[in-house]
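Lifted from Swiss-Prot, the feature list:
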| type | residues | note |
| --- | --- | --- |
| TRANSMEM | 17-37 | transmembrane segment |
| TRANSMEM | 49-69 | transmembrane segment |
| TRANSMEM | 83-103 | transmembrane segment |
| TRANSMEM | 142-162 | transmembrane segment |
| TRANSMEM | 180-200 | transmembrane segment |
| TRANSMEM | 218-238 | transmembrane segment |
| TRANSMEM | 299-319 | transmembrane segment |
| TRANSMEM | 331-351 | transmembrane segment |
| TRANSMEM | 357-377 | transmembrane segment |
Amino acid sequence: MTYPERPLLHLLTRTSLVVQIIVGLVAGLLLASFFPAAALKVGFIGKVFVSALKAVAPVLVFVLVMASIANHKQGQQTHIRPILLLYLVGTFSAAVVAVIASFAFPSSLVLASQPGEMSPPGGIAEVLQALLLSVVDNPVNALISANFIGILAWAIGLGIAFRHASDSTRNLLSELSGGVSLIVKVVIRFAPLGIFGLVASTFAESGVEALKGYAHLLVVLLGCMLFVAFVVNPLIVFLKIRRNPYPLVLTCLRESGMTAFFTRSSAANIPVNLQLCERLGLHEDTYSVSIPLGATINMAGAAITITVLTLAAVHTLGIDVDVPTAILLSVVASVCACGASGVAGGSLLLIPLACSLFGIPSEVAMQVVAVGFIIAILQDSAETALNSSTDVLFTAAACQAEERKASAA
C-alpha cells in the first residue's frame, strides 16, 4: 500500500530546496491567477509556516549565540586582527550602503495585516530608551514576547559566563544548539508549502501590485550587493594594498562567489575558499583561521538584507526615520549580520530584531521574513556569493599588506 508513495518521497528528498521553492512559487501564482477563491483558502498554509518561524526564532537566536560565545576558543591571533577589522568595516559599510539605497529608492511591501496599535518611536532618544529597557528585560519574558534585543543581551551574557564552565557543560550547549538548528532545518524544509500558501493568498488579494513590489525590492537588494562587490570592497582593498584591487576582486568573485551562489552556504564554501587561498600563496596559519571565522562573522550581504527589508517594512508602515536612528540601524544590522551564518534561512530570521528598533510588532516582522523567503531564491544566492567571496578578498588583502610591510622593512 505504501509503495506508490515512495517515488514521491524519493523525489522530495532528492530535489533541492531551491527548486522546490520555485515550484511552490509558480504553483501559487498559477492558483491565484486561475482559482483566486481557492488561493485565498490555501493562505492558511502560509500562516502556519509563518507561525512556525515565529515560534522557533527566539529560541534559535538565544541558544545559538550563547553556545557560540561559550565555545569560542581563545588565543591564536597572529595576523587575524587586521582581517577582523576589514570584516567589521566591510559589514558596516554594506549596511550604510543599504540605508542610503533604501532612502533613495524606498520599497513598499504588501503585508497581510497592519495593526493599528503600533507606537513608532519619535527619534533616536526614544529608540535608545526603548533599546535599554529591552536589554534589561526578564529573559523568560523576552523569549515569550519575542524581544530579540533582550534575548541577544541574555545570550551574550550567559555565553560569556559559560566560557568558564566545564567542557561537559560547553559540549551540552553545543549539542543543544545543534538540536535547535535541526528543528529549524525541518521548519525550513516546509518553506515550499509555506511559500505556495503565501504567494497564492497574497496575489489573490493584491494581484500584480505585489509582484511589482517584490521586483523593486529585489532590484534594490541586488543593486546594493553589486555596488558593495564592485565599488565598496575594491575601495577598502585599495586602501589596504595600495594598488589596483580589481584583479584580486574578480578572481575572488569568479573562484569563490560563483560556487557560493549555487551552494547558498558560506560553510559549504569554506573548502573552496581554503583552496583558493592556497593557490593565491597566502599565509596558511592566517587563512586557516580567517576563512572559517569569516564564514561566521563577515556578513556584508546579510547586513544589506536585514537593512533593506527592515526599512521596506518601516516605509510600508509610514514610520519616519531620522538620520541618527538610521545610523543606529546600520550598527544593529552589522551586529545581527554577524550571527546570520548559524541560522538556517540566513539573515531573514534576524530581521525581527532590527524591526523591533522601530516598534514594529513581531507578527508584522515575521510577514517581512515571509516576503524575504519569497525572494530568497535570488537574494540568498547573491548574499552568500558576496559574503563568501569577501572572506577570501579581505584575507588576501591583509596578507598582501603584511608582506608589503615586511619587504619594505
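Each residue, glycine too, has its Cβ placed from N, Cα and C.
Most Cβ pairs under 8 Å to the transmembrane segment (83-103), among the stretches 142-162, 218-238, 299-319, belong to 299-319.
Stretch with the largest number of CB pairs closer than 8 A to the transmembrane segment (142-162), among 49-69, 180-200, 218-238, 299-319, 357-377: 49-69. Pairs of Cβ atoms less than 8 Å apart link the transmembrane segment (180-200) most often to 17-37, out of 17-37, 49-69, 218-238.
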